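Worksheet: one structure, shown below.
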Amino acid sequence: MDLVPHIHFEKQEGNLCLQHALNALLQGPYFTAVDLAEIARKLDEDEQDVVAPRDQPRESANYDDSGFFSIQVMQNALRIWGLEATPLGAETAIEARDRPQDELAFICNLQEHWYTLRRFALPSRWYNLNSMLDGAEWISETYLGMMLRQIESEGYSIFVIRGLSPTSPADDLAATLPPPPQSRASNTFAGQGYSLSGTPEQPIAGLEDDDWAMSAAIEASLREAGTIAGEEEVSDGKRKREDDGKGKGKVEDVSVEEMRRRRGEILYGD
């Protein structure tokens, strides 16, 4: 059984990305643009009381007519549900950086665009709920960490969401399903960002040769192929090779072309 038809997903409407991201996180149509505008208006009032009298109105920093909403609106909207959005770079998010697959959700923001990455019940059930896509798309645990590091390098602000109760119908169903096959990994992330103008952002120069991406992809590919059984075996093999120089315990030599082929397989399922 496929989980995707049971996931609440909202396709892009105008610039209402934050609305779509929040509803994808909560798994239901809980917020409207009017709700978010009211939160933004209250924020404006509170800020204006501090910096200027009410009879001197100023332009809102929290929303505009295009559908843009600020980070503060997102955070206040989540607090209504008892949720906290912590920047991924914060000290309290160290575990999320090291093992993102153990978290429940992330909200990503770049300028006016917002989207949610959410786990359903199991660490093997992460989905990209970006409203610019045609629908929810599964991403593997390995791919999740790589994706977060790459979009962060592109300038995205990433927030780990804490306090979420995974009790939606999709969560309940996901708990009964086996892990998706690796061949179904999403290829929606290919080193380029999303733009509301409909024009993909240019890939980062040198992405093909990025050390962490290449290393992580190769290691994951080798693990899944059974070439290495774990980090201990890799370390032991390297140690033996350094000690006697005779190739004992030597990890497989891989050409650049083969590295890129394997990286393509783990990233895009080619």
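Placed from the backbone N, Cα and C atoms, the Cβ positions cover glycine too.
Marked as domain 'Josephin' by TrEMBL: 4-176.
Marked as active site, nucleophile by TrEMBL: Cys17. Cys17 (active site, nucleophile) counts 27 other C-beta atoms within 10 Å of its own C-beta, drawing on all protein chains shown.
As annotated by TrEMBL, active site applies to Cys17 (among others).
The active site, proton acceptor annotation in TrEMBL covers His113. Around the Cβ of His113 (active site, proton acceptor), a 10 Å sphere holds 21 further Cβ atoms from the protein chains shown.
Taken from TrEMBL, the feature active site covers His113 (among others).
Secondary structure at Asn130 (active site), as computed by DSSP, is coil. As annotated by TrEMBL, active site applies to Asn130 (among others).
Under the heading region 'Disordered', TrEMBL lists 171-206 (among others).
Annotation source TrEMBL lists compositional bias 'Polar residues' at 183-200.
Among the features that TrEMBL reports, region 'Disordered' is placed at 224-270 (among others).
Among the features that TrEMBL reports, compositional bias 'Basic and acidic residues' is placed at 235-260.
There are 24 other CB atoms within 10 A of the CB of Asn130 (active site), with all protein chains counted.
Counting only the Cα atoms, the space from Cys17 (active site, nucleophile) to His113 (active site, proton acceptor) is about 6 angstrom.
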